[in-house]
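Here the structure is laid out as structure tokens; the discussion comes afterwards.
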Amino acid sequence: MLDLLKISVTGDPSSGKTEACQVFEDLGAYVISADKVSHSFLVPYTSVGQRIIDLLGPEIIIENTLSRKAIAEKVFGNRDLLLSLEEILHPEVCRFVEEKYAHVVQEQKYPLFIAEFPLLYEIQYADWFDQVILISADTGIRKERFLKKTGGSDTSFDLRCARFSSLEEKILRADVVIENNGTKEEFRRKVKQCFKALKGTI
């Protein structure tokens, strides 16, 4: 039996990664989100949580959890703190994803294993995957989506984007690039076509 194909979906903020992963999941793929995994570590009573508290201070604890809003306020705009936080979280996230993959392979229920990894190239993790799908969208469109979804500011969008490497570089490295500058229906159709093509390689 061939190993289950490992595919990462990546892209800049508000490019459409989560929407693409939802389509893949609807079509039967196993989907895991690196962001959701990292959020699961944001509790004060774990070793990871304690390391984050030591880094950022006890004021990030709100209602017995580590506040993502408080963390974001501290690290976005402070590159050193952000990188230190990532050094704590990313190895744990990658370990969790790899363990989950091993379990999913044993289940033999899914045609594809999809992992949404926003900072895939930035943390040098692309080589673990068999293929990388990059979701691409123009900056202005992404900013509009971000502001509409989060109610945040232009500055908060720019700070989040600052951590990401250049889109041009990622386009050259990705196995598949799906553009998302049009309607949701157009984008979902492209993702479905991609799913069919990927299944054909199994």
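Heads up, the Cβ atoms here are built off N, Cα and C, so glycines get one too.
Annotation source Swiss-Prot lists domain 'DPCK' at 6-202. The ATP binding site annotation in Swiss-Prot covers SER14, SER15, GLY16, LYS17, THR18, GLU19 and is backed by sequence analysis.
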Exercise. Taking the centroid of the Cβ atoms of SER14, SER15, GLY16, LYS17, THR18, GLU19 (ATP site), which other same-chain residues have Cβ within 8 Å of it?
Worked result: GLY11, ALA20, ILE135, ALA137, ARG145, ASN180
Exercise. In the structure shown, which of the binding-site residues SER14, SER15, THR18 has the fewest other Cβ atoms within 10 Å?
Worked result: THR18
For this session: Based on Cβ atoms within 10 Å, give me the single least packed residue among the binding-site residues LYS17, GLU19.
Result: GLU19
Exercise. So what's the mean pLDDT when you look at the domain 'DPCK' (6-202)?
Worked result: 95
